[in-house]
Amino acid sequence: MTRLRSWWRPELGLALVVLGLGVFVIAGTLDVSAAASRLGPGPRFFPVLVGGAMVVIGLFYVFDVLRGGHGDPEESEDVDAAAPADLRGVLLVSGIFLAFAALLDLLGWIIGASLLFFGLSVALGAEHKARAAVVSVVIGVVTYVLFVKGLGVRLPDGPLAGVM
Amino acid sequence: MASLELLLDGFAAALTPVNLMYALIGVTLGTLVGVLPGIGPAMTVALLLPVTFTVPPTAAFIMFAGIYYGGMYGGSTTSILLNTPGESSSMITALEGNKMARRGRAAQALATAAIGSFVAGTIATALLVVAAPAVVAFAISFGPEDYFALAVLAFTAVSSVLSRSVVRGLASLGLGLVIGLIGIDQQTGQARLTLGVPQLLDGVDVVIVAVGLFALGEALYVASRLRHSPPSVVPVGRAWMGRADWRRSWGPWLRGTALGFPFGALPGGGAEIPTFLSYAAERRLARGVAREEYGKGAIEGVAGPEAANNASAAGTLVPLLTLGLPTSATAAIMLAAFQQYGLQPGPQLFDHNPALVWAMIASLFIGNAMLLVLNLPLAPLWARVLRVPRPYLYAGIVLFAALGVYALNGTVVDLFVLYLLGLLGYAMRRFGLPVAPAVIGMILGPMAEIQLRRALAIGAGDVSVLVRSPVAAVLLALSALALLTPLARRLAARRRAASYAGPAED
């Protein structure tokens, strides 16, 4: 199995996305047309230019990756660039965020944001779960009060609508 | 000296108690968020952009100028006190700065960074006052083909300079251009690439793109490779420095300013190159004690690059304000902020809104002075911010990203778009695609399209109209050069490697 897929590298996925987006831009604007009376290039002109360039860049990128080229992972204060990528962490954070986005209107900001903060801090390695829970609730309530009551931002109330 | 008069008017507007308060809020928030690890100046500005929407334009830009300079100051504190490399523009500062801090000279390193930033920021802002009207006078006659050529130069320069691999820089640029295409075509009202989602008709908001690529992308990236050893923060008291440090610092400050300002103003120049050049220059000029200390924590290696860093931040404002041309990711987000208020930076901005522009420039001087006062005595406080437990820090970053994005339109659709962009930001970090070209492409792309179509409409289908003006021809030639230089250099390197292969290699 590994032998069969020895040419595969994760970066190839990104290169194919670039290539695919180029095709998508050209194909996706096929239905866009403007009145013929307009002067100069129409609304499809620039997308075709960008899409064409993306296809060319995407091809070069794919070849570069297949020939063994690779970018340098970005360095950052809290990142161990030498460590292998831990996809579990990414999936966990993704799942928590998507669940938050899907349930936000139902749960309201205070409950939703508290759960988001708690889930993420535990997923990222917070050791004291009880302390994380307290911090989460405080942050959920404080941001709601500060932004909704203080700055007039609209956030969903959820089941706590009557309480606040 | 009309601009001096206008600047004085600007000071009058910026020095009202209310606007002073906004400047103070801006520099404080900017420093606070800029100090946080994992957050660079571009992300600071993007995260705080929604905050400015609640106030009138002049106050918003005064606050924004404060956030911009504050974010730059905050970044240097992080790189000096934390033992890990941060974003590229302050990495050079970390080389000598962190070594100084670990030798017990953290207070002096922070002081020379803060005072140097103040000196460089003030001189560079004064240069901005002189240069801006001159550029405006030159650019007032620019036609659409010149603006298109400028955008192309910004695209190619930023793609080829910021990445070791031109293909990856261009791929990032292309991703940004595609995002910029989504929504209704401004000239004909046709919907493009919206996939039938009504919320996409207005395009993807720049706040979502910036917050997704920077904040959520960074959080996902950190989740994949969290450093498990706790960060070691060097303890520090009030920042100060003695007479010897002053004597060793003022030269590097001035040289750093001279390097930083012009590079900041150039497309693709940014802060990385001048900080590195300043570091190398100070190393060559080092004599005596400095020469012995270089590599072990020499104050010259902090003073020079920090001055260059801040001077380039002011330099970036020259093309941004006078031409509407962003030369860095941070500048691109500031351009978007102008557009949110229906303002288009460029020669006309100085004509139509002189009060706003000059109040903002005046507030740069004021914010700089505030930052000096804020940073010298408060260094221990900023050092405490660095100790925030990482799980809470990144959970908080994601929470504020979600809050800012949801608050834009009050719809969860934006949250899913934010997630997709965060995933893209993660992939770009992991595979070494620079993020800045994407942000610049997304924001400058629509302008480039309008100018290109306008120019071609004037030329009635004749493509040569694009190079008819000498300015446009020169700019396009420079763009081609920006793309071809790295290729030529690589070919030359390969040939050299081939001819040296064999006995010379050991």
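Note: Cβ is positioned from N, Cα and C throughout, glycine not excepted.
TrEMBL annotations: computationally assigned, not manually curated.
The feature transmembrane segment is assigned by TrEMBL to B:20-39 (among others). Within its own chain, the transmembrane segment (B:20-39) is flanked in space by residues 14, 47-48, 51, 55, 59-60, 62-75, 77-78, 82, 84, 86, 214-215, 218, 222, 231, 363, 366-367, 370-371, 374-375, 382, 385-386, 388, 390, 393-394, 397, which lie at least six positions past its ends and keep a Cβ under 8 Å from the stretch.
Here the domain 'DUF112' (B:20-440) returns a mean pLDDT of 88 for the predicted model. Positions annotated as domain 'DUF112' by TrEMBL: B:20-440.
The feature transmembrane segment is assigned by TrEMBL to B:45-69 (among others).
Taken from TrEMBL, the feature transmembrane segment applies to B:109-141 (among others). Proximity of distant same-chain residues to the transmembrane segment (B:109-141), defined by a Cβ-Cβ separation under 8 Å and at least 6 residues beyond the stretch ends, is recorded for 2-4, 7, 69, 72-73, 76-77, 80-81, 93, 96-97, 100-101, 236, 239-241, 245, 249-250, 252-254, 256-257, 260-261, 264-265, 297, 299, 302-304, 306-315, 317-319, 321-323, 346-347, 350, 361, 364-365, 368-369, 371-372, 375-376, 379.
The transmembrane segment annotation in TrEMBL covers B:147-163 (among others).
Note on the transmembrane segment (B:170-186): residues 155, 158-160, 163, 192-194, 200-204, 209, 421, 424, 428, 433-446, 450 of its chain, located 6 or more positions outside it, place their CB under 8 angstroms from a CB of the stretch. Taken from TrEMBL, the feature transmembrane segment applies to B:170-186 (among others).
Residues 38-40, 42-43, 46-47, 49-50, 176, 179, 333, 336, 339, 390, 394, 397-398, 400-401, 404-405, 408, 414, 417-426, 428-430, 435, 438-439, 442-443 of the same chain, all 6+ positions outside the transmembrane segment (B:206-223), place their C-beta atoms under 8 angstroms from a C-beta of that stretch. Here TrEMBL flags B:206-223 (among others) as transmembrane segment.
Taken from TrEMBL, the feature transmembrane segment applies to B:355-374 (among others). For the transmembrane segment (B:355-374), same-chain residues at least 6 beyond its ends with a Cβ under 8 Å from one of its own Cβ atoms are 6-7, 9-11, 13-15, 19-20, 23-24, 26-28, 31, 57-58, 61-62, 64-66, 69-70, 73, 114-115, 117-118, 121-122, 125, 128-129, 132, 314, 317, 321, 343, 349.
Under the heading transmembrane segment, TrEMBL lists B:394-424 (among others). Counting only same-chain residues 6+ beyond the ends of the transmembrane segment (B:394-424), those with a CB under 8 A from a CB of the stretch are 36, 38-39, 47, 49-50, 175, 179, 197, 199, 204-205, 207-209, 211-213, 215-220, 222-223.
Per TrEMBL, the feature transmembrane segment maps to B:470-488 (among others).
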*asked:* Between the transmembrane segment (B:45-69) and the transmembrane segment (B:147-163), are there three or more CB pairs that fall under 8 A, provided the residues in each pair are separated by 6 or more in sequence?
replied: no
_Within the same chain, where does the transmembrane segment (B:470-488) have neighbours whose Cβ lies under 8 angstroms from its own Cβ atoms, ignoring anything closer than 6 residues to its ends? I mean 6 or more beyond._
142-143, 145-146, 148-150, 152-153, 155-157, 159-161, 166, 268
